[in-house]
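S.K.: Okay, these came from TrEMBL:
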DOMAIN    9-152  domain 'Glycosyltransferase N-terminal'
TRANSMEM  6-27  transmembrane segment
TRANSMEM  164-181  transmembrane segment
């Protein structure tokens, strides 16, 4: 009897450290609770940042199950300073300039999730995207999966809030599994 493949979740955080870090923390919690494979997609410099954070804080086996995937992005194409892929080096009045360029990630994200679906023979269990990247819902729908919107903020990183969110996310995942029993 063939073994069942490990389910996969794809995560898409907004381009700001206050969103990237909570997504990485959530990825770890989901993997530890479910054993699912998690892929986090972002721009090259944000993936580099997450990679340094990820590798410096953990040498656990989860590194084999949490993958960081790059989406192409060139900040100067959108009037941003060179190598500006998150809010870290922008003034408060310039942070809004990241919203428009974030729309350019839709097509490469769609391709990335399509490739994942082709490799595993079915779409990911779900996409968890930042609330600021609402277009991910359309990508999920096109590919036959669902999108769960997440609001990431430092104020919501208290342990109790994390546990409540993880529990709600777990319930959503269980509903998806029961709705799509062939997964």
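Each residue, glycine too, has its Cβ placed from N, Cα and C.
Heads up, TrEMBL stuff is auto-annotated, nobody curated it.
It should be emphasised that the depicted structure is a prediction, and the values quoted were computed from it without experimental measurement.
Distances, neighbours, how buried they are, the whole picture for these features please.
M.R.: Mean pLDDT, taken over the domain 'Glycosyltransferase N-terminal' (9-152), works out to 87 on the 0 to 100 scale.
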S.K.: When the domain 'Glycosyltransferase N-terminal' (9-152) is classified with DSSP, how many of its residues are helical, how many are strand and how many are coil?
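M.R.: Per DSSP, the residues of the domain 'Glycosyltransferase N-terminal' (9-152) fall into 79 helix, 25 strand, 40 coil.
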